[in-house]
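Visitor: First, the structure itself, so that you have it in front of you.
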Amino acid sequence: MKDHQKIILVGDGAVGSSYAFACVNLSIGQEFGIIDIDKDRTIGDAMDLSHAVPFSTPKKIYSANYSDCHDADLVVVTAGTAQKPGETRLDLVNRNIKIMKGIVDEVMASGFDGIFLIASNPVDILTYATWKFSGLPKERVIGSGTSLDTARFRMSIADYLKVDARNVHGYILGEHGDTEFPAWSHTTVGGLPITEWISEDEQGAMDTIFVSVRDAAYEIINKKGATFYGVAAALARITKAILNNENAILPLSVYLDGHYGMNDIYIGAPAVVNRQGVRHIVEMNLNDKEKEQMKNSADTLKKVLDDAMKQID
């Protein structure tokens with residue numbers, strides 16, 4: 001593992017700048033370049049972020065060009081059209097897949113041979129597209145997937161039970177979007193199954209918890225226009241796991257090749273990640289209902305993906 005850790009961020013909007021700030025605060029990486037169509041904004045953000053460095057650890061932060069990607073360990077993409085009130089993430093695909101192709105072509109032209117981390121929506125489809133456009137191994141193209149959804153899930157359960165969210169373990173699987181679902185059969189609190197904390201009489205509470213998680217982004221968008229702090233924190237966590245070679249298990253958008261009975265698709269599932277990217281996909285033993293939900297989520301993504309890729313071919 002080389003000592004110098006270099007990150008290039010493509011997309012300096014609300015998510016991108018929040019991610020950059022999180023990396024500064026959490027002392028992630030030693031070099032951080034920022035690319036955006038608005039060059040002045042990247043210059044201003046690099047200056048502003050640099051002034052936070054004395055409160056953290058040394059880091060070089062600058063306005064970058066695509067040529068700077070050539071020796072980056074990680075290229076993180078948050079660029080794209082934002083989700084509007086009333087829009088689903090899948091509604092964004094036609095606009096954002098063309099933007100993504102342009103970005104990936106520029107990055108690869110630099111000689112980049114690191115790891116892509118995609119956060120632009122719809123993230124599962126754009127991660128698949130990035131893999132196709134880049135020609136990189138599937139292990140080195142990763143999407144943020146259901147990492148934020150899972151954090152919301154754990155927090156909501158913790159709030160309901162009045163426990164620390166760090167003692168809640170469970171995953172949201174599938175699409176980062178409307179067809180996602182909770183793997184209740186593998187959700188534990190303090191080592192005990194969730195069913196030992198929430199009785200059958202409280203089934204409605206479990207349903208309410210999930211709906212609040214699934215629809216959280218819509219509520220935030222309606223109230224403040226966009227979500228960015230949560231996903232920025234999720235990206236920072238993934239970045240740390242990769243650069244520090246943690247072999248951490250995180251719920252990401254990863255390529256399934258027979259896992260969960262799925263093939264040729266990027267979708268949210270737990271995976272072991274380290275400096276080489278995805279080391280291993282954790283295949284949970286889902287119950288029949290969850291298997292059907294996973295299939296439904298994959299089928300929904302496949303249909304949109306096939307239509308979107310035809311635009312580019």
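Cβ atoms are placed via backbone N, Cα and C, with glycine included.
As listed in Swiss-Prot for this protein:
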BINDING   VAL15, ASP36, ARG41, TYR66, ALA119, SER120, ASN121, SER144  NAD(+) binding site
BINDING   GLN83, ARG89, ASN121, PRO122, VAL123, ASP124, ASP149, THR150, ALA151, ARG152, THR227  substrate binding site
BINDING   ARG154, HIS169  beta-D-fructose 1,6-bisphosphate binding site
ACT_SITE  HIS176  active site, proton acceptor
MOD_RES   TYR218  phosphotyrosine
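Map the listed features onto the structure and describe their local environment.
Guide: Long-range C-beta contacts of ALA119 (NAD(+) binding site), restricted to its own chain and to partners at least six residues apart, with a cutoff below 8 Å, comprise VAL15, TYR19, VAL76, VAL77, THR78, GLY143, SER144, VAL231, LEU235.
In the three-state DSSP scheme, ASN121 (NAD(+) binding site) is classed as coil.
In the three-state DSSP scheme, HIS169 (beta-D-fructose 1,6-bisphosphate binding site) falls into the strand class. The Cβ of HIS169 (beta-D-fructose 1,6-bisphosphate binding site) has 15 other Cβ atoms within 10 Å, all protein chains considered.
HIS176 (active site, proton acceptor): 31 other CB atoms within 10 A of its CB, across all protein chains. When secondary structure is read from DSSP and collapsed to three states, HIS176 (active site, proton acceptor) falls in the coil class.
Secondary structure from DSSP puts TYR218 (phosphotyrosine) in a helix. Just so you know, the Cβ of TYR218 (phosphotyrosine) picks up 16 other Cβ atoms within 10 Å once every protein chain is counted.
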Visitor: Tell me the Cβ neighbour count for THR227 (substrate binding site), meaning other Cβ atoms within 10 Å of its Cβ, over all protein chains shown.
Guide: 20
Visitor: I need the nearest neighbour of HIS176 (active site, proton acceptor) among the binding-site residues ARG41, TYR66, GLN83, HIS169, using C-alpha distances.
Guide: GLN83
Visitor: Hey, which of the binding-site residues VAL15, VAL123, ALA151 is the loneliest by Cβ count within 10 Å?
Guide: ALA151
Visitor: Roughly how many Å separate the Cα of VAL123 (substrate binding site) from that of HIS169 (beta-D-fructose 1,6-bisphosphate binding site), to the nearest whole number?
Guide: 23
Visitor: Near SER120 (NAD(+) binding site), how many other Cβ atoms are within 10 Å of its Cβ?
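Guide: Taking every protein chain into account, the count is 29.
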Visitor: Could you tell me the C-alpha distance between SER120 (NAD(+) binding site) and ALA151 (substrate binding site) in angstrom, no decimals?
Guide: 18
Visitor: Given the binding-site residues ASP36, TYR66, GLN83, ASN121, THR227, find the one whose Cα is closest in space to the Cα of ARG154 (beta-D-fructose 1,6-bisphosphate binding site).
Guide: THR227
